[in-house]
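What follows is a set of notes on a single structure, which appears directly below.
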Amino acid sequence: MKKKMHVWKYYAAAFIIPVIVACIVFAIYGITPFGNHNLLLSDLLTQYMPFFKLLRDQMLHHTLSSYSFLVSIGDNTVPIYTYYLMSPLNLLVSWFSVIHLPILISIIILIKIGLIGWSMAFFLKVKYQRQDMMQIMAAVAYSLCGYVALYFYDFMWLEALMILPLLTLGIERLFYKGKWGGYVVALTAIIIMNYYMGYMLCIYSVIYFVYLVFLNRPIKTGFWHYLKVHGSMTCKYVISSIIAALLSGFMLIPSIVGMLSTSKGLFKIWDFIPYPRFSPAVFANLGVGANNFMGRLSHDPSIFVGTIFIMGLLVFWFSKKISKRQKHASFWLVGAIFLGMWITTFNTIWHMFQNPAGFPYREAFMFGFVMIMFAYEAYINGAFKNNRVVITAGSIVAALLVIGYICADIIIFFNHMQQVNNQLIVSNTHLLIAIVFVALTTGLLVAANRYGKKIWYLIFAVLCVEMGVNLYLSLQGELVNGVRQSASFGNQKRFENAYNQSKGIIDRKIDNKKDQTTFHRNDVDNQIYSHIINQAYNQYNDSIIFNFRGVSGYSSTLNMHTQDVLSKLGLSSRNVRRVSVIGSSPVTDQLLGITNHLTILPNGQAVNKKDNRFSGLGYAVSDQIVKTKLKKNHVFINLNKFVQHEAGTKKKYMHRAQVTVNSSNKRHYKMPSSYNTKLMDQIDGYEYHLTINPTITGNQYMYLANANLYNDQIFVNGKPLPNRYKMLGTENVYLGHFKRGEKYTVKLVVTDAIKEKSLLRSFSGLDNAAFNKFVDETQPYKLQIDHPENLKLSGSDFTGHVKTTPKRNVLMLSIPYDKGWHVTENGKKVKTLMVGDGMTGLKLKPGKHTLHFHYRTPGLILGLILTLVGIIGAFSEWFFYRKRNK
């Protein structure tokens, strides 16, 4: 009984101590639940908060819709669930109100930190069949490592840190004892919880299995010969790996099919060119505070795991108490993971054959894990008792830190000249802090060898302080007037007030009973909400947070047709994961059914521009739309072609304006920082003065191809355009309504020089009269949805009615093309087509039609079959080996 109680206390310590350290840091910064700051920043703000809200709504209404019209203009939700929301801890969302979800995010992060620590302690205890304080220290170092401190903004990845020790233990049990159950369970669990990290751990599994072969094969026995001699063990590993993949098939196959409909199905050859990704500056990451919030998107690998364990790896390699076989095998394990980060080809393969956009070394936690494991082996083998080896290891770590900072300073100097932003280090002051911890740890290790084990309590305390300091420094932000600021935390009370106020306005203005009678989308510029955010905030997923059908969207699972079509029609898109309603025009309003343009000012005043003519999920058009092909960076041509093909006419709708470039010059100016809107960045730019002569009466637009408008200023007749046109992408900019021949001036202050030829074709006008005539003619041919209010909660099943004619025989839906859609009329299947270069369409006979739309998750049936095969395979393997062992 006492032994069980001792074990319980041991695991409790591994869970609680790192949580306490993290809580202290959170309390210092006043982060919820210990203060009024919340973690609504980075991806936690733009993705996890909205997706938590989506999951919460589905759970509270006892639904799990496979398609949602709250995600941009509509998307398959299964990839969102499987990529972001499969952690069992996420089920806690049903216990919290929307305004308290930021508090839940902090709580989940703390729980995950504790579980990571518990997992590491469990691994070391079972693997080495002993229990000591060093294991608790390892739990603290692993759960608060540099990776956790910098990557918790994407906390879906933290599950991988929990599973990695258990997976490693499973591989060892399979290798040494032939017990495969733990390995299958661990690998299946991580694939289900996060298939992206599960894929990485599959690669790690192979690397670690090879490590065990190197560790155990006799000196004169070849690698392949050893595998043949131990064929049963090898087959068991391969079969068990396949079974784990099959068991997760019900989730894995739909996820893969869904992700292939995103940009992740596209590969870039230059991402596979074998060149080094980082310099010796990476050694700066061996100490505390090498990176902070500002460098989360671009940095060297976050491999910090505490000085004692970094030194421990060197002690392992230098000590004579460690056999050459152990050292050589460790070279493979450490080297394979390191090369996987260092060489671009391998790093791209690690990241599912995609060059990661932000957080560039998502596998770095594996490097930290194996460092801790080998350091612990050095400890239990008595290698730390050799003072000479300890001092040598400490000296090398200190030297590497100095080399890292010197290289970083040199590279930063040249990068600054070339205006390249990559955070290699935060401050040279942090080098001194890191050196102090190295000296202190080295000195205490030497003292422990002289004065006894009690000194190890001091070493433990130093480690806890060190990991806490690293977490504290990682949560810092920009340097302002010589003072390092904290990250751009949110304000919880302001968030609660802004959410409640915004929700009330949105419900009254665009979600009342009258508006629910038709399907429509909305353009909401919610300045109450965006003004409480202390960083650039583009309202991408606000439609999910405030429960309205919008257009904007941001996720790694965004349907590529959504981004492709809308960006080619002028809507803002920073990259393939983002699309914004900004840049819309009457042409896209008609296509997408945008009836409300609601602006909510910071003072609570709301202005709504409404046009019910645009309502609807689709409408009948000419069959020319089937062959429509849009060109990148030719927005005006695309808009004109799109309407022409809808109407089946050659009439011109977009007319290029006459442009005169009066002057151009280079200048300096200040703009709000992209990371903190309260700060200012000094910008070098160019100023252009233009005179525009419209050639048609109507809305006038500007589109600067490949321009990043964030730091740009646009003035029309001396008046600045709204700040809304400051995205990190390219969009169609509305300049105003002018008559033909009514000249107006435009002043551009831009960061990049623009060729005069480009300026001459960057302005165009819409023939409003002609387009309005087309809109009016389209009214009888719009798709009428039964109970459109139901499409908010569940968008996977609905019925609609439409009228078609010989000239309007194609129903074009404002739904991105997706093979998951199945349409029937009177029980007969209607084939779906790709129309408009990326939208869903149906070719129908003239007449009135009642259509039933149903979305079936692509790959789900195949996935369920594979899971069934996996279950049969698992039982078969169990039965086969049980019978064989008898």
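Even glycines carry a Cβ here, placed using N, Cα and C.
Going by TrEMBL, these are the annotated features:
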{"type": "TRANSMEM", "residues": "12-31", "note": "transmembrane segment"}
{"type": "TRANSMEM", "residues": "98-124", "note": "transmembrane segment"}
{"type": "TRANSMEM", "residues": "136-153", "note": "transmembrane segment"}
{"type": "TRANSMEM", "residues": "183-216", "note": "transmembrane segment"}
{"type": "TRANSMEM", "residues": "237-260", "note": "transmembrane segment"}
{"type": "TRANSMEM", "residues": "301-319", "note": "transmembrane segment"}
{"type": "TRANSMEM", "residues": "331-353", "note": "transmembrane segment"}
{"type": "TRANSMEM", "residues": "365-384", "note": "transmembrane segment"}
{"type": "TRANSMEM", "residues": "396-417", "note": "transmembrane segment"}
{"type": "TRANSMEM", "residues": "429-448", "note": "transmembrane segment"}
{"type": "TRANSMEM", "residues": "455-475", "note": "transmembrane segment"}
{"type": "TRANSMEM", "residues": "860-881", "note": "transmembrane segment"}
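If you count C-beta pairs under 8 angstroms between the transmembrane segment (365-384) and each of 136-153, 237-260, 429-448, the highest count goes to 136-153. Counting same-chain residues at least six beyond the ends of the transmembrane segment (98-124), those with a Cβ under 8 angstroms from any Cβ of the stretch are 10-11, 13-19, 22-23, 26, 31-33, 38-40, 44, 48-49, 52-53, 56, 87, 89-90, 92, 135-136, 138-140, 142-144, 148, 152, 155, 158-159, 161-166, 168-169, 369, 372-373, 376, 490, 492, 495-496, 499-500, 545. Here the transmembrane segment (396-417) has long-range neighbours at 279-287, 290, 307, 310-311, 314, 424-425, 428, 431, 434-435, 438-439, meaning same-chain residues at least 6 beyond its ends whose C-beta is under 8 angstroms from one of its own. Residues 10, 13-15, 17-18, 21-22, 39, 41-44, 109, 112-114, 116-118, 120-121, 124, 161, 165, 285, 290-292, 295-296, 299, 302-306, 308-309, 359, 362, 364-365, 368-369, 372, 375-376, 459-460, 463-464, 467-468, 470-471, 474-475 of the same chain, all 6+ positions outside the transmembrane segment (136-153), place their C-beta atoms under 8 angstroms from a C-beta of that stretch.
Counting same-chain residues at least six beyond the ends of the transmembrane segment (301-319), those with a Cβ under 8 angstroms from any Cβ of the stretch are 137-138, 140-142, 145-147, 149-151, 278, 282, 285-288, 290-291, 326-327, 330, 334, 341, 361, 364, 367-368, 371-372, 374-379, 381, 383-384, 386, 389-390, 392-394, 396-397, 434, 437-438, 441-442, 445, 459, 463, 466-467, 470. The stretch from 12-31, 183-216, 331-353, 455-475, 860-881 with the most CB pairs below 8 A to the transmembrane segment (237-260) is 860-881. Same-chain residues lying 6+ beyond the ends of the transmembrane segment (331-353) with a Cβ under 8 Å from its Cβ atoms: 196, 199-200, 203-204, 207-208, 210-211, 214, 264, 267, 271-278, 301, 313, 360-364, 366-367, 370-371, 374. Against the transmembrane segment (12-31), stretch 455-475 has more CB pairs under 8 A than any other of 183-216, 455-475, 860-881.
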